[in-house]
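S.K.: Next up is a structure, given as structure tokens.
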Amino acid sequence: MNGKKGSCHHHVEINIPPLTFMPKALTKSEKGASSSSSTISSSCQAWTRRLWEFVREDSNRVTFAFKVGLAVLLVSLLILVRAPYDIFGTNIIWSILTVAIMFEYTVGATFNRGFNRALGSLLAGVLAIGVGQLALYSGRVAEPIIIGITIFLVGAITSFMKQWPSLVPYEYGFRVILFTYCLIIVSGYRMGNPIRTAMDRLYSIAIGGFVAVLVNVLVFPIWAGEQLHKELVASFNAVAEALEECVEKYLEDEGLAHPEFTKTVMDEFSNEPAYTKCRSTVNSSAKLESLANSAKWEPPHGRFRHFFYPWSEYVKVGATLRYCAYEVMALHGVLHSEIQAPYNVRITFKSEIEDAVTKATEVIRDLGKEISNMKRIGDTIRSSLLKGVHNSAERLQRAAVAKALPPTNGDENDDKMSSQLIVGNFEQQKAALSVATFTSLLIEFMARLDHLVEAVDGLADLAKFNCEEVL
């Protein structure tokens, strides 16, 4: 021992595990925020897709919105700029109101609305001036009584007259008479000068109407006549495509199980786009009539260069075409009915049905092409096409009579065999009934083509289509 303690060296090793970052559990609020943000994002994307589809369906919608904004801006400058405001004053607000009410999608509809606006404002102004002067000379006591009575009478008479069937197209004009008369007569009563009030309102309305017509005609005009023309041609193609689609599905071998027959509503066949277009053709009556009424107000333009163009004939052709579309809808109903003929029965009529559909769709497309090009098909070609349709219809009718009727056997005496024959014959009769229904509807469709040809010929005569004879 040297006085020093012995030193002992102890090595202590401490192992510290590496830090591991565990994901933090999301709280309920964070989960809700994440789900809500994803929901908002998906909703925005869906809305953007719908907006794009809406614009792509008819690009003129964007053009119309741009034109309305431009017209309202031009009229508003009369207030925003100091110099014209000093001349017109606050009465120019009536011009803005006129543009907003009068500006329509097509040029013809704008002319129609403008005529009703101008005539209604003029009649209301003249009536308000006359009644205002009469009430002014009647004394302070009788003046409000006369004005109140005339307001009641004008409101009652205009509301009754706009319901008259022959005056329905001028319904907007009667509304203009009512509110213009009331505003002028009441303002004139408080201001004490009905003539000045009426004149201020009338020239402001005239400015707004002039700007609306000018912008609608000169800036990317949308003609109702052109819209009607394209709509009718598209209807011809839609009916032809729907007929081909229906027959193609009828002749397909899809087996006997059709679960969608009892579960699917007739309006929800998303896998049949041609049928959807045909259904829109059936519902196009109001649209064609509206476009025809607007087109009558339009001046000669584009390919429609003569006055008094027979726009009403387009409505007649559309009505005749709708009867053909009704038959296609009925064929579609047979296609999706629960009672179906077996594939081996349907296929026996394949050649006759396909030949009939080919001839029928050829006629429909040729008629649509005739209207689209505004050139008549030669009489020789027309007669040949119709003759082919008639021959195909007769061939299909003979095949339906010869092949669809089930054979009967009345010589069996055995009860068991007789019951089996009865069940077999009943199944054959159901199949025959389904085939007979489909073929009879198709034959009826082909018979209606004669009326459609006559309607198109009437339009071609009145519209003076050029004759095109193909050798």
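Placement of Cβ uses the backbone N, Cα and C atoms for every residue, glycine included.
The model shown is predicted, which means the values in this text are computed figures rather than measured ones.
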S.K.: Would you mind telling me which of 142-160, 446-464 TrEMBL tags as transmembrane segment?
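M.R.: That would be 142-160, the stretch labelled transmembrane segment in TrEMBL.
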S.K.: Under 8 Å, at least 3 Cβ pairs, sequence separation 6 or more: does that hold for the transmembrane segment (118-136) versus the transmembrane segment (91-111)?
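M.R.: In this chain the transmembrane segment (118-136) does not contact the transmembrane segment (91-111) - fewer than 3 Cβ pairs sit under 8 Å.
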S.K.: Please work out whether the transmembrane segment (91-111) lies in contact with the transmembrane segment (202-223), by counting C-beta pairs under 8 angstroms that are 6 or more apart in sequence and asking whether there are at least 3.
M.R.: yes
S.K.: Out of 142-160, 172-190, 202-223, what stretch is closest in contact terms to the transmembrane segment (64-85), meaning most Cβ pairs under 8 angstroms?
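M.R.: Highest pair count goes to 202-223.
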S.K.: Which residues, given as numbers and ranges, are at least 6 beyond the ends of the transmembrane segment (202-223) yet have a Cβ under 8 Å from it?
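M.R.: Beyond its ends, the transmembrane segment (202-223) has Cβ neighbours at 60, 63-64, 66-67, 70-71, 74-75, 78, 88, 91-99, 102-108, 110-111, 114, 117-118, 121-122, 125, 295, 298, 301-302.
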